[in-house]
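Engineer: Below are the features I grabbed from TrEMBL:
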COMPBIAS  1-20  compositional bias 'Basic residues'
DOMAIN    1-213  domain 'Major facilitator superfamily (MFS) profile'
REGION    1-23  region 'Disordered'
TRANSMEM  32-53  transmembrane segment
TRANSMEM  73-91  transmembrane segment
TRANSMEM  98-116  transmembrane segment
TRANSMEM  122-144  transmembrane segment
TRANSMEM  156-179  transmembrane segment
TRANSMEM  185-205  transmembrane segment
Amino acid sequence: MAAHTRLARPRRVGAARHPARGPLQPRVRPRLVAAGRVLLAYVGAEVSIGGWIVKFMMDIRHADGFDSGMSAMGFWLGLVVGRVVLGFITPKLGEKRAVALYILPTMALQLVFWLVPQFYVSAVAVALQGFFIGPLFPAAIVVATKLLPKHLHVSAVGFMAAVGGSGAAVVPFAVGAIAQAKGVVVLQPIILAIFVVLFGLWLSLPRIDKKRE
């Protein structure tokens, strides 16, 4: 009996090291999938704008090649600046609240981009869009790490990055197929629809415990 007790004891100690893995497991997959969907929509919208903006400016706004290229540069530059500047503000507001506030002006700017047929207005609008959506990718990663147990952080981030990468391939391809059939003018309503879906997906993420905020 004593030998059996000594052999069984390490099992109890080992099981105590990760007491929450079992009960948490049913909640892990929906949270991981929800975060992955956010990045799928975000990266898809980002790459679609960056990839198609030059053609849109040339065909619809009748800009020359140089100006159209500069508008694309403005978008990517806005993305970098927004990721740096708003990166300091986001933790103070809380990631979930901050990103929701960033997506709202992004949708408004998309409406301006779509409905105001002026090149310079469109160029400024797309640069500001880049600024506001810049922090979304790192904020989504931070939120995911707060929603998931620590032992899954590495694999979860890898999964989310892979899903985001698939969004960078699938969404622009779908946008391009529609643009070839209907014309590049359909880019703007499609991007707006993606942002609306992104906003809904972000709001649907589970609440973060106050202890982990």
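First residue shown is number 1, and so on along the chain.
Note that Cβ sites are derived from N, Cα and C of the backbone, with glycine treated the same way.
Nobody curates TrEMBL annotations by hand; they come from automatic prediction.
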Engineer: Would you kindly check 98-116, 156-179, 185-205 and say which stretch has the most C-beta pairs under 8 angstroms to the transmembrane segment (122-144)?
Structural biologist: 98-116
Engineer: Who are the long-range neighbours of the transmembrane segment (185-205) in its own chain, taking Cβ under 8 Å and residues 6 or more past its ends?
Structural biologist: 31, 34-35, 37-38, 41-42, 44-45, 48-49, 52, 56, 59-60, 96, 99-100, 103-104, 106-107, 110-111, 113-114, 143, 147, 171, 175, 178-179
Engineer: Using a Cβ cut-off of under 8 Å, list the residues of the same chain at least 6 residues beyond the transmembrane segment (156-179) that approach it.
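Structural biologist: For the transmembrane segment (156-179), the sequence-distant neighbours (Cβ-Cβ under 8 Å, at least 6 residues beyond its ends) are 32, 35-37, 39-48, 51-52, 137, 140-141, 144-145, 148, 186-187, 190-191, 194.
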